[in-house]
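S.K.: Once you've had a glance at the structure underneath, I'll fire off some questions.
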Amino acid sequence: MDYQRLLFLFAVAMVITTTVALPKDTALMDGQLQKRGTPCKCHGYIGVYWFMLAGCPNGYGYNLSCPYFLGICCVKK
C-alpha cells in the first residue's frame, strides 16, 4: 500500500511540475509568432534548427537548408 501511495504522489508531482514548467503560448494567442528553433550552422551560415521536419517551413524566407540529426537547419541568406 505504501508503494502505491508513493507512486501516486510521484505521478501528481510530475503533472504539477510539467504544467508549471511548460510556458503558455500567450504570444501566439495575441497574433505574434514566436520562433521555435535553436541556432545551427549550414554551409558557414547561422540558421535555425527545426526538429522533426523534412523541409523548411513556409513563410519565413528560408532559401538554404541542410539536413541535421532528426531535423533540418534553415538559413535566410
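Cβ atoms are placed via backbone N, Cα and C, with glycine included.
Below, the features straight out of Swiss-Prot:
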{"type": "SIGNAL", "residues": "1-21", "note": "signal peptide"}
{"type": "DISULFID", "residues": "Cys40-Cys73", "note": "disulfide bond"}
{"type": "DISULFID", "residues": "Cys42-Cys66", "note": "disulfide bond"}
{"type": "MOD_RES", "residues": "Met52", "note": "methionine sulfoxide"}
{"type": "DISULFID", "residues": "Cys56-Cys74", "note": "disulfide bond"}
S.K.: Reported as an integer number of Å, what is the Cα distance between Cys73 (disulfide bond) and Met52 (methionine sulfoxide)?
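M.R.: Here the two Cα atoms are 11 Å apart.
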S.K.: Which one is it, among the recorded positions Met52, Cys56, Cys74, that lies nearest to Cys42 (disulfide bond) by Cα separation?
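M.R.: When the Cα distances are compared, Cys74 comes out closest.
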S.K.: Determine, using Cα-Cα distances only, which of these recorded positions is closest to Cys66 (disulfide bond): Cys40, Met52, Cys56, Cys74.
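M.R.: The smallest Cα gap between Cys66 (disulfide bond) and any of the recorded positions is with Cys74.
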S.K.: Given the recorded positions Met52, Cys56, Cys74, which one's Cα is the least distant from that of Cys40 (disulfide bond)?
M.R.: Cys74
S.K.: Give the distance between the Cα atoms of Cys74 (disulfide bond) and the residue listed as 'methionine sulfoxide', rounded to the nearest whole Å.
M.R.: 13
S.K.: Using DSSP with the three-state reduction, classify Cys40 (disulfide bond) as helix, strand or coil.
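M.R.: Reduced to three states, the DSSP call for Cys40 (disulfide bond) is strand.
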S.K.: Here the recorded positions are Cys40, Cys42, Met52, Cys66, Cys73; which one has the lowest number of other Cβ atoms no more than 10 Å from its Cβ?
M.R.: Met52
S.K.: Which of Cys56, Cys74 (the disulfide-bonded residues) has the most other Cβ atoms within 10 Å?
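M.R.: For the disulfide-bonded residues Cys56, Cys74, the Cβ with the most other Cβ atoms within 10 Å is Cys74.
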S.K.: Going by DSSP, is the residue listed as 'methionine sulfoxide' part of a helix, a strand, or coil?
M.R.: coil
